[in-house]
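> Below: one structure in structure tokens.
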């Protein structure tokens, strides 16, 4: 019974100070027998780097598609947490590779993941192993992203309740040794509600909780009529979007299902926070000006920064 107590407490306690140290879990016994673990796409290794010393104090990991955006987020959170030093001087920990970038700012890690499920999946395998090797505990993971809105005004921020597939099912299908395995994609309800509470405190942009549909393509896979290929009509596109809306889908992107599935399996609290760049009922092309898009993309960052500052006691 003693072994079970921390886990039960962890899920019963609502206050963050009731949380018991829960270490990041990897679900692979093979890792225990390896002399060295090379995190190839991060250009890091358990032999060449002291991961507990480098990353042991990490409590928040924020990931997003674009390398420039995640560098900007790292500089923003540096200012928000009023840390010493110049935000312009932060170094890319993964400078030995151009696959992903990684910046550490106090207890916050900011990492890029590229576009689509395969790219974020590779990053998450190595990130979860990194957090495990570094003996991190009580980590919250956020995906800060952009998306297409479904019946929402451009600039609306969506906190994901469930990440769903093309059939609006809350699951992620992964092919392993030629067989399809299905994993659940429900995200942490407590973190989502805390984020919604943060948005009502900020009151600076519209924020909703809804389902996020994850696709494997930006064009045909999201019902766009403006790709190099198009095999359906405008009416069929709108019918599909209406069905998505009825299933609770409020935005569409390309990473949320694998993010949710991997967080869930490894016992990590995860949240997906994406801004809608357009309303897909009204078009396919992103027509807003550069400056407007830059401001929209800052919105998930502002919301998650508020969450982090509250958790760290900067905001009472």
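Cβ atoms are placed via backbone N, Cα and C, with glycine included.
In case it helps, TrEMBL gives these features for our protein:
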DOMAIN    59-309  domain 'Nucleoside phosphorylase'
DISULFID  94-101  disulfide bond
BINDING   99, 143, 144, 145, 146  phosphate binding site
BINDING   222, 224  substrate binding site
> Please compute the mean pLDDT of the model over the domain 'Nucleoside phosphorylase' (59-309).
97
> When neighbour density is defined as the number of other C-beta atoms within 10 angstroms of a residue's C-beta, which of the binding-site residues 143, 224 has the lowest density?
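Sparsest of the binding-site residues 143, 224 by Cβ contacts within 10 Å: 224.
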> Which of these recorded positions is closest to residue 144 (phosphate binding site) if you go by CA atoms: 94, 101, 222, 224?
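For residue 144 (phosphate binding site), the closest Cα among 94, 101, 222, 224 is found at 101.
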> Measure the Cβ-based neighbour count of residue 99 (phosphate binding site), defined as the other Cβ atoms within 10 Å of its Cβ.
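A count of 18.
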> Rounding to the nearest whole angstrom, report the longest C-alpha distance spanning 99, 143, 144, 145, 146, listed for phosphate.
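The widest Cα-Cα gap among those binding residues is 20 Å.
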> Using the alpha carbons only, what distance in Å do you get between residue 101 (disulfide bond) and residue 224 (substrate binding site) once rounded?
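Roughly 30 Å, rounded to the nearest whole number.
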> Counting only residues 6+ away in sequence within the same chain, which have a CB under 8 Å from the CB of residue 94 (disulfide bond)?
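Result: 42, 43, 44, 100, 101, 102.
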> Within 10 Å of residue 222 (substrate binding site) by C-alpha distance: pick out those among the binding-site residues 99, 143, 145, 146, and say none if nothing qualifies.
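Checking each Cα against residue 222 (substrate binding site), there are no hits.
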> Per 10 Å Cβ neighbour count, which of the recorded positions 101, 144 ranks highest?
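The most densely surrounded of these recorded positions is 144.
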> Check each residue in the chain of residue 145 (phosphate binding site) that is at least six apart in sequence and keep those whose C-beta is under 8 Å from its C-beta; list them in sequence order.
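Listed in sequence order, they are 64, 65, 253, 255, 256, 272, 273, 274, 275, 300.
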